[in-house]
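**Q** Sending over a structure as structure tokens; questions will come in a sec.
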Amino acid sequence: MSLVRQNFHEECERGINRQINMELYASYLYLAMSQHFDRDDVALPGFREFFAKASEEEREHAIKLMRYQCGRGGRIVYQDIAKPQTTEWASGLEAMEMALKIEREVNESLLALRGVANKNNDSQFCEFLEGEFLGEQVSDIKKLAGYVTNLKRCGPGLGEYIFDKETLQGGEK
């Protein structure tokens, strides 16, 4: 038993392990998306870079959760990371819609985890989730929803190319 463990319920520990797996899955999916857009027959470098950064961000989230788990005296249980259901996307719009779906699922999972922390009176864990994850999720979902809207507006082909060039490569924040 860990000497630092205090007021850290096993249900919270299990939930963190599930969330770590979900964050790593999202990272893996975004990495697949990044590589798809790097292909010579797709050639959208803005999408490639956007999804590469998203992959790294999700990996960092997993590491943050691992460090928190260890800091609270919990143990990390490594699980298989599911492979992405697809590694090909018909368009940037399709990939952004999938990214939006994944971010919403991650947000739902984090909210459920916050509920577990609250149920077990773990105010430190609640504060950690709110400060490190939940606000960022809302911002990311908003940004992705805007990208989906604009990609629908500009259409495939030249419109998608211009979106890649002006929005993703153009430094829009």
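Yeah, the Cβs are placed from backbone N, Cα and C, and that goes for glycine too.
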**Q** Besides GLU58, GLN137, which of GLU94, GLU97, GLU103 does Swiss-Prot list for that Fe cation 2 site?
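**A** It is GLU103, as the record lists it for that site.
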**Q** Need one residue: from GLU13, GLU23, GLU105, the one Swiss-Prot lists with GLU58, HIS61 for Fe cation 1.
**A** GLU23
**Q** What are the other residues, in sequence order, whose C-beta lies within 8 angstroms of the center of the C-beta atoms of GLU23, GLU58, HIS61 at the Fe cation 1 site?
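**A** Other same-chain residues with Cβ inside the cutoff are MET22, LEU24, ALA26, SER27, GLU57, ARG59, GLU60, ALA62, LEU65, VAL106.
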**Q** I want the residues beyond GLU58, GLU103, GLN137 whose C-beta is within 8 angstroms of the mean position of the Fe cation 2 site's C-beta atoms, in chain order.
**A** ALA26, GLU57, HIS61, ILE102, VAL106, ASN107, GLU136, ASP140, ILE141
**Q** Which residues in the same chain, at least 6 apart in sequence, have a Cβ under 8 Å from the Cβ of GLN137 (Fe cation 2 binding site)?
**A** GLU103, VAL106, ASN107, LEU110
**Q** So if I draw a 10 Å sphere around the Cβ of GLU23 (Fe cation 1 binding site), how many other Cβ atoms end up inside it?
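**A** So the number of other Cβ atoms within 10 Å of GLU23 (Fe cation 1 binding site) is 25.
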